[in-house]
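Report on the structure given below.
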Amino acid sequence: MTGIIKSEPFVINIGPQHPSTHGVFRIKATVDGEKVIDAEMVMGYLHRSMEKLAEERTYTQNIPFTDRTDYLSSMSNNLGYCLAVEKLAGIEVPPRGNAIRVIMAELQRLASHCMAIGAFANDTGAWQTPVMWAFREREKILDIFEVTSGARLTCNYMRIGGVAFDLRPEFEPMVRRVLREFPPFIDEMEGLLSGNEIFIARTRGVGVLTPEMATNASLSGPMLRGSGIAWDIRKADPYCGYEQYDFDIPIGYNGDSYDRFIVRLEEMRQSLKIIQQALDGLPGGPFRTEVPLALRPPKGEAYARIESPRGELGYYLVSDEGPSPYRFHIRPPSFINLSALKEMTVGGTVADAIVVLGSIDIVVGEIDR
Amino acid sequence: MTPFLVSDKWYDIRDLGNLSREILEAADRILPFGVVYVLAALIGFVASFLLFVLPSQLIVGVYGERRIIGRMQSRLGPNRVGPFGLLQPIADAIKLIQKEALTPTRADRAVMYIAPIVFVMPAVLLWAVIPFGENMVIADIPVSLMYFLAVSSLPVIATFMAGWSANNKYSLFGAMRIVSMAISYESPLVLALLGAVVMTGTISLSGMVAWADEFNIWMVFVQPLALVIYFICVSAELNRTPVDIAEAESEIVAGYLTEYSGMKWGLFYGMDIGYALAASGFAATVFLGGWTFFGLEQWVPGWLIFIAKTHLFYFLFIWTRGTLPRLRADQLMAFAWKFLLPLGVFNLLIVSTERMLWSEQDYAKGLIYVFALVNIVLSVALVYAWARFNGYRPEQTPTRPRLVKQAGGYIPVGERS
C-alpha cells in the first residue's frame, strides 16, 4: 500500500492463546491492515510423543492412547487402531461386534459434528447460541457412551476382536431417543444458520478450495467432499460391514466454508440413517472374539483406514513378533487437512482466516499427537 | 373522568419533581443557606439510582441480559448469588474491584488510565436531555437531538485511546476497526433521524414526545424504516452483535479491551450497557412516543412507561445478540453505504413529501394515519426491492448439499450423479 501515510505489514500471532484456535495452535499471520498476506502454521504445543510411547506398550495397552489423540471422537480412533491390529494378526470380528462398532462410530460422528458446527458458528460470531444448542444434543450421545463404556469422552470401548462390553438394556431406548430428537435439531440449526444472510455473507466464497487444491493436499473428509469430490472411505473401502447399509455421500458445490458446513449437517442426517439400519438389524451372538492378552502378531505390517468425522484416519503398524508394535504411526486427518490452511487464508482478512480455521474443524490433540 | 390524582401535589408521583420540591422547600426552612443544594444533589443521586440505575443498568442490563441469553442458549444463567441470582451484578462488581488493573510495561500509561474515564463521561451526559416525564428532564434544551448525537459519538475517541495505548496488536485492530467504521454507520443514522425531525418539525426531544402525544401516533408507525436503520446503526455504534466488530471475541480476542482488567475493564463493560440503555431510551423517546402511552400516562406515572419502553427496546439488543452471527468490517461498511444510506434517503424523500401534503389543521389531521399505513407498506417493499437491486438472491444459495450414492472422483456442479 502506498500513499501519504507510510504503512508496513506486521506479524500478528493468532494463538496459541486465542479464543478461536480450538486448543493450542498458532498461526503466525503477516497482515497488511486487515488483509492476510502470509500465514505460517506453528504446531507442536500439545505433543505427547504417542507414537514412540506406543512402541513400549502391548497392543491392548495402546488403545487408551488412541482415545487421547482426537479426543472429540475417541470411538472412531479406537476403531481405527483395532482394525489395524486385527488386520495385522488376522482376527475376525463377530457380526454383533461389527454392528455395535458401526453404531458407536456413527454416534461419535454425530457428537463430533455437533462440536464442529457449533464451534464453527461461534467463529463466525454467533455468540455461543449454536454451540450451546449443539452441546445440548451432544450431551445425549455422551450419556449413551457413559452407559455403555463408563466414560463420556475417552471411551476406550473398542477391543481387539470386538468391543469391551455388550450393550446394556438401556442402550436401545437411548439411541432411539437420539434418532427421534436429532432430526428436529438439525432442522433447527439449518433454520438458524443455513439460511441466515449474515452467516452466508461470512462463509460463502471464503476459504475456497478447488478440487485440484483439495486432492493435491491429499485432504479427506468433509473438507474434500465440500469441494465436490465424492470420496468416503465407508463407500470406497468398506470396513465393519458398511457395505450393507444404505446411505449417501453429501458433496458441496464450490468448496468454500459454507459448503463444508452444509456437508457436515447432511452427514449427520446420513449417520442417523446408518444408526437406524444398524440398530434395527442388530445381530445376536458374541460381541468379541477371544484374543490372547499378550498378543504377538506375525511379522509384517498393516495399514487400516476409516472415515473418522474429520476424514481419513489411518493407523500403520509394523510387528516384529514382539508383544508391542515395532512401529506405530497415525495418519491424522486434521493434520493433513490443515496443510491447505495457507492457500485458503492468504488474500482474505483476519476475520476470514478465523472462519476458515473453524471450517477445517481441527483437534489439536490429533495434530500434535 | 379525570385522573384520580391531582397534579402539583407532593403525592402525585406522576411527576417526581413535586415530591423533591416539597422536601427541599421544607429543608430550606430549617437548614442554613446553601446546604439544600447538597441535599438536592444527594436526593437526585439516590432517586436516579433507585429508579433507573438499579432496575435498568444492574437488573436488566447485567442480570437480565445474562439470564435471557442463558435461556436462549438452553442454559440457566446466573442463579447462585442471592434470590434467583439477583445479586450477581454486585458480586461481579466486588470481584472486579478486588482485581488488579494491570498495565502492560510498554503501554502508554496516562492514556490507558484516562480512556475508561473518557468513556464513562458521555454515557452519563446523554441522560441529561432524555425526558422521563412531562417535566422530568434535566436539561430541556431546544437542540437536544443534536446534543444527543454529538455526545454519543464521543466514546469512539475513548475506545481509540484504549486500543492505541495498550500497545497490543489486537487492541490496535479493534481501535482501527471502530474508527474506520464510525463514519459509515453514523451517516445513515443521522439521515434516519432527520426524517423524524422533518415530520415533527422540532429538534427537541420533549417536542417530539409532545408531537406523538398530540397526534396519538408514534413515529415508528409513520416511518418504520427509520427505526430499522436506527437500530442497525446504533448496534454498530454500541459494538453489539451482529456488528460487534471492534471487540469481536472470536477474531481479535476482545479488541480494544484486550489488555484491560479489573475495574478499568469493569467501567467499559458497565458503560457499554449504559450506552445501550441510553440508545434504547433515545429510541423510545423519538420512535415510541417517550413517556406517553395513548392517554395511559394520566393514570400511570410517565417515567414508568418510559422505563418500560426503554427495556422493551433493550430486549431487541439482547435478542439479536443471542441469535445472529457477526458481519465483517468491510461488509458492514458496504451495507451501511450501499444499503442503509440510500434507504435513509428514500425514507427522507417519502417523509418530506408527506410533510408537504399534510398540515396540522383539524381537517387534515387524520391524514397522518393514512400516511402511516402507506409508509409501512412502502418500507417493506423498499427494503425488498433495494435488496434485490443490490444483488440479494437467497434462492441462489443452496442450503442442502448434493447427494451421491457411489464414491468416485470430482463431480462438477450441474452434473447428475
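Glycine is treated like the rest: Cβ placed from N, Cα and C.
TrEMBL entries are annotated by machine, without manual review.
These numbers come from a predicted model, not from an experiment.
The transmembrane segment annotation in TrEMBL covers B:35-63, B:110-133, B:145-167, B:188-211, B:217-236, B:273-294, B:300-320, B:332-351, B:366-387.
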Paired segments the transmembrane segment (B:300-320) and the transmembrane segment (B:35-63) in contact, 3+ CB pairs under 8 A: yes
Paired segments the transmembrane segment (B:273-294) and the transmembrane segment (B:35-63) in contact, 3+ CB pairs under 8 A: yes
Distant-in-sequence neighbours of the transmembrane segment (B:188-211), which means Cβ under 8 A and at least six residues beyond its ends: 129-131, 137, 140-146, 148-149, 219, 222-223, 225-227, 229-230, 233-234, 237, 282, 285-287, 289-292, 336, 340-341, 343-345, 347-348, 351-352, 354-355
